[in-house]
Amino acid sequence: MTRKSRRLWLVGGCLIGLGTATALTLSAFSSNIVFFMAPSQVHAHPPAADRTIRLGGMVVAGSVRQQKNGDTPTNQFDVTDGQDAVTVHYEGILPDLFREGQSVVAIGSVLADGSFRASEVLAKHDETYMPKEVAEALRRSGKWDPRYGKPPDAASWNSMTKTATSQDKAAPQHGS
Amino acid sequence: MNATPSLAARTGTFFHRYANPGRFLRLGARLQPWLTWPAIGLSVAGIVWGLFLSPADWQQGDSVRIMYVHVPAAWLASSGYMGLAVCSLLSLVWRHPLADLAAVEIGPVGASVTAICLATGSLWGKPMWGTWWVWDARLTSVLVLFFLYLGHIALIRAFDEPQRGYRAAAILGLAGAVDLPIIKFSVQWWNTLHQPDSITLTAAPTMSTDMLWPLLVCTIGFTFGFAAILVARLRAAVMESRVRTALAMRRGRTETQDDAQDSGPDLSGAVA
């Protein structure tokens, strides 16, 4: 075995060892690396009352209540992961992307009655990017309602882009 | 020992063909315009297409245009480090001299694109998510990548004897490559605030083709730009080391002449 191949094996062995060590460490700390807990996790393992946690999930359609309390709005909405839902109370201005059906992450603590008091609400957008006309067209045709989950595959609406724009140009007043 | 050379030997021969600095200088000079001009052309076209002509996103509005800088920067940050790791391997196993110089030059360029990726991501996060920064797995692992770049830049220049710096930095560069799969898969392994990838090898992109094309042009343009800067820096580094060697030889010669003639005050310092 030449010195070069010995060095190659040595480097390869070190990398495998380091990779394994990192993988083991990351899997051991996996529950601490997650950025937020889902409502069903919060119900299964309720955190201590004074502990700050991050709660993540989808805003349930029709659950948003807003009140003006002086200058600061008070918001109440339900967050769900499909299995369970938690009611969130938040005093303050919600991010621009907040809407029904949007994924959000609320930072705060669980109250005695099982509801959640948030000190901060972050909006989490998904990986789908589409022009406004396409979203409008999908909504008009009834193929997708943003309040009830993810949009359909891009392949199904990519061809729509051109037709949607040309339709809008042909009849700009239509529907608006 | 045997007729067929080992894998290490064969790979070494393949890469050592480009280890000759003179051959690299000739190749680099020929390559440079083919990198620089497509880089300028494609980047300008992609940026104009992305920032002015592509549609706004249905929910993010015009903020989505940050993507046309952020995504290419993120791609280059990771692939730049991949290049650094390959150079580190070549340096450690085959003692490849050009790989050492390349590792020195990749560091600052890679750190710059990583900084651009972090800065544009932060600017994008504030209006969309509602925060400049969170400690989720994706953002944190990219910050670690930035620190790896900075550590490599410092370490490779930290020794009086360059060879020792090359070895130490190569070990850091290879060990840091562990961060690359973590960055890539962080959005799948753990729930994060950062959304999953829109463009993957296994599935169709979840992005309108009207946005995908300018993004692709921007990414290719920025990649050519990265390569052009790298080749230019590497050529300069090779020429610099040649000049240094020539100067050192000349100083050595004048000193021996001075010693031989034993003539008054030493003027070789003034020459250099």
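In case you wondered, yes, glycine gets a Cβ from its N, Cα and C as well.
Now, the feature entries from TrEMBL:
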type     : residues           : note
BINDING  : A:HIS125, A:TYR129 : heme binding site
COMPBIAS : A:140-150          : compositional bias 'Basic and acidic residues'
COMPBIAS : A:156-168          : compositional bias 'Polar residues'
REGION   : A:140-176          : region 'Disordered'
TOPO_DOM : A:1-7              : topological domain 'Cytoplasmic'
TOPO_DOM : A:29-176           : topological domain 'Extracellular'
| query | Should A:HIS125 (heme binding site) be counted as helix, strand, or coil on the basis of DSSP? | reply | coil
| Average pLDDT across the topological domain 'Extracellular' (A:29-176)? | 81
| task | May I have the DSSP-based helix, strand and coil counts for the residues of the topological domain 'Cytoplasmic' (A:1-7)? | result | 5 helix, 0 strand, 2 coil
| note | Summed over the topological domain 'Extracellular' (A:29-176), the DSSP helix, strand and coil counts are 38 helix, 48 strand, 62 coil
